[in-house]
Amino acid sequence: MRAALNRANFVGGLFSFRNIKSMSSSSSQNFVSRSVIKKVFAKLQKEGDGAVVRRGISRSEQKLLDPFLMLDEFSAVSPPAGFPDHPHRGFETVTYVLEGGITHQDFKGHKGTIYAGDVQWMTAGRGIIHSEMPEEEINKGLQLWINLSSNEKMIEPNYQELSSSDIPKAEQNGVQVKIIAGESMGIQSPVYTRTPTMFLDFILDPGAQFHQNVPESWNAFAYVLESGEGGAVFGSSNASPVSSHNVVVFEQGNDGVSVWNKSSSKKLRFVLIAGEPLGEPVVQYGPFVMNTQAEIDMTIEDYHYGKNGFEMAKYWRSQ
Ligand code: FJE
Ligand code: FE
């Protein structure tokens, strides 16, 4: 709560007339959009085994974007590069494939390939060891890490797999949305989010605009996947445009997020992701995310000795 207040004050100081500036005159009601408080260009970095990802959210954004821990855009990952056998504990990973396919295998015998438009919503809980390997030469997608609350970090692992056809879609006035989690245009996703989360994939025609409601206390960000020159405008119609591969972090509060595609020729594609902050301490050691250092030490021990959820660690190798 204290953090939220501090941030509101900080933002208020920077944009004193934000409510007036961001009021949309062309909308039927007066929708007050959140302003953008930070932009992060997702730089290429090496991960896994010979893989390269763009990291949009990393440790420096974790406080601003609680409950989100990481956002990677993978686009330069072709076989044999990939993410071979590795563990997770204490959070969820959401993999959304945009092009190509990713095959996953885990130490409980779960195996499958997800292709363009499909989503795997994995709750690592007390422990998963898996591999995530690209299926084709050209692959593109997003992986989001969502933290779990202290009382859910040690739950049984779980998968929710949605093929493209299971994901609800809606369209109005040149705006298409795929509702991966949460609700948009009156349509609800079937995904169960333990940490309340919204995950929407938007495509706006040239000149289109949209207002998306977001609960006031939630943290929210957008990640621009494709945009024409000067196309992607968030928060206020006269804000400066954002180019592809940027994360835009929104302030808290207000009615939600307004977006404009100011390009006259190119579509704008971005994901809008929001979640209810957990407000708990985060201690991360690579793929383990717990609340305290003692819990991390315990996790390393569990992984090493194959205990408390990592029983299969000693025997299992992906094929
Ligand atoms: C990981 C190194 C990793 N971003 N994007 C360390 F590579 C990974 C990891 C991924 C990953 C997987 C996919 Cl499919 C897409 C990713 C990192 O698997 F989890 C840790 N800790
Ligand atoms: Fe993983």
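Each Cβ is built from the backbone N, Cα and C atoms, and glycine gets one as well.
Features of the protein shown, as given by TrEMBL:
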{"type": "BINDING", "residues": "His86, His88, His130, Glu132", "note": "Fe cation binding site"}
{"type": "DOMAIN", "residues": "54-146", "note": "domain 'Pirin N-terminal'"}
{"type": "DOMAIN", "residues": "200-309", "note": "domain 'Pirin C-terminal'"}
Cβ-based isolation winner (fewest other Cβ atoms within 10 Å) among the binding-site residues His86, His88, His130: His86
Glu132 (Fe cation binding site), number of other Cβ atoms within 10 Å: 25
8 Å Cβ shell about His86, His88, His130, Glu132 centroid, Fe cation site members excluded: Phe83, Asp85, Pro87, Thr93, His104, Asp106, Ile128, Ile129, Ser131, Pro287
The domain 'Pirin N-terminal' (54-146) - residue tally per DSSP class, helix then strand then coil: 3 helix, 58 strand, 32 coil
Within the domain 'Pirin C-terminal' (200-309), residues counted as helix, strand or coil by DSSP: 13 helix, 47 strand, 50 coil
Rounded mean pLDDT for the residues that make up the domain 'Pirin N-terminal' (54-146): 95
